[in-house]
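A.B. asks: Quick paste of what Swiss-Prot says about this protein:
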{"type": "MOD_RES", "residues": "S2", "note": "N-acetylserine"}
{"type": "MOD_RES", "residues": "S2", "note": "phosphoserine"}
{"type": "DOMAIN", "residues": "19-99", "note": "domain 'GS beta-grasp'"}
{"type": "MOD_RES", "residues": "S48", "note": "phosphoserine"}
{"type": "DOMAIN", "residues": "106-354", "note": "domain 'GS catalytic'"}
Amino acid sequence: MSLLSDLVNLNLTDATGKIIAEYIWIGGSGMDIRSKARTLPGPVTDPSKLPKWNYDGSSTGQAAGEDSEVILYPQAIFKDPFRKGNNILVMCDAYTPAGDPIPTNKRHNAAKIFSHPDVAKEEPWYGIEQEYTLMQKDVNWPIGWPVGGYPGPQGPYYCGVGADKAIGRDIVDAHYKACLYAGIGISGINGEVMPGQWEFQVGPVEGISSGDQVWVARYLLERITEISGVIVSFDPKPVPGDWNGAGAHCNYSTKTMRNDGGLEVIKKAIGKLQLKHKEHIAAYGEGNERRLTGKHETADINTFSWGVANRGASVRVGRDTEKEGKGYFEDRRPASNMDPYVVTSMIAETTILG
């Protein structure tokens with residue numbers, strides 16, 4: 001095993017000028033992440049300088065077998081924490097050979113919204129709180145839980161310390177450092193209310209880059225859990241009953257919200273979100289009705305509400321924002337399996353263009 005480990009960690013910099021680029025894209029379910037690698041002649045820092053590539057869309061549920069070619073367009077580059085050196089991770093979106101975005105390419109429409117002059121001048125910032133649950137590989141049950149049984153009730157696990165409370169911290173810390181190495185704007189991590197459940201935060205990040213970074217952070221988490229023999233679940237309610245679900249709260253602000261008088265702009269934006277509550281809920285993740293019950297720090301899925309420091313509301317305004325009269329708000333409705341391209345662009349579209 002030592003030879004294998006040595007080869008996996010081999011530094012290519014002194015041996016060749018070539019690099020490895022891992023192309024990443026979203027598969028047919030809209031939640032599965034795919035990737036494959038190719039050799040490039042030298043370092044690349046600009047995604048527009050990278051070659052387009054293709055893959056077999058019939059094997060990802062994104063094309064028919066008789067016309068299976070789907071084209072990858074490189075969109076963002078990150079440093080590769082696994083191969084290190086000049087090797088890179090490349091976030092891509094997917095198109096037909098004719099150049100049309102395929103149905104699961106949600107980035108394309110998001111980029112159009114973020115490039116709208118009225119949106120661009122507002123410089124929308126996002127902070128995504130990505131919750132997830134670490135599951136035992138063969139039994140689909142959270143790590144640290146007795147198979148077929150339950151741990152003690154919630155209470156000691158949120159931000160907890162100790163082997164009986166913080167289950168999976170080695171994976172969480174490895175992911176944290178991998179994100180920092182890659183150049184992702186990860187701003188923190190914490191243990192969540194349900195044991196085996198964790199959260200990382202990405203942001204503040206502006207515009208389309210928020211979606212790119214959350215997707216690559218998810219990719220890194222999938223790779224690290226792959227190495228650890230653990231499954232990462234983004235199910236919004238992985239365990240029924242008196243256990244917290246998993247969300248992806250979206251903190252949001254625009255330039256006018258961050259400036260003096262911004263609180264009134266925030267209130268108007270929240271009013272616009274209320275008018276389109278059903279449309280947003282429909283786009284905020286699969287199975288969210290199991291999570292948004294009005295319990296476990298959620299609002300009821302059928303009712304829009306907002307409040308200051310209220311974690312049982314659809315939208316929360318922080319005490320600091322209220323005190324300073326400017327800042328940001330938190331949309332608490334998105335599920336952990338939401339598409340960040342969809343959620344971030346939809347919030348901008350509703351609050352700025354709506």
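Glycine too: its Cβ is placed from the backbone N, Cα and C atoms.
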A.B. asks: Measuring Cα to Cα, how far is S48 (phosphoserine) from the residue listed as 'N-acetylserine' in Å?
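C.D. replies: Between the Cα atoms of S48 (phosphoserine) and the residue listed as 'N-acetylserine', the distance comes to 39 Å.
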A.B. asks: What is the number of other Cβ atoms found within 10 Å of the Cβ of S2 (N-acetylserine)?
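C.D. replies: 6, counting other Cβ atoms within 10 Å of S2 (N-acetylserine).
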A.B. asks: Over all shown protein chains, what is the count of other CB atoms within 10 A of the CB belonging to S48 (phosphoserine)?
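C.D. replies: Within a 10 Å radius of the Cβ of S48 (phosphoserine) lie 8 other Cβ atoms.
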A.B. asks: Mean pLDDT, the domain 'GS beta-grasp' (19-99)?
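C.D. replies: Per the prediction, mean pLDDT sits at 97 for the domain 'GS beta-grasp' (19-99).
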A.B. asks: In DSSP terms, helix, strand or coil for S48 (phosphoserine)?
C.D. replies: helix
A.B. asks: Go ahead and report the DSSP secondary structure tallies for the domain 'GS beta-grasp' (19-99): helix first, then strand, then coil.
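C.D. replies: The counts are 6 helix, 41 strand, 34 coil.
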A.B. asks: Look up S2 (N-acetylserine) in the DSSP assignment and report helix, strand or coil.
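C.D. replies: It is helical.
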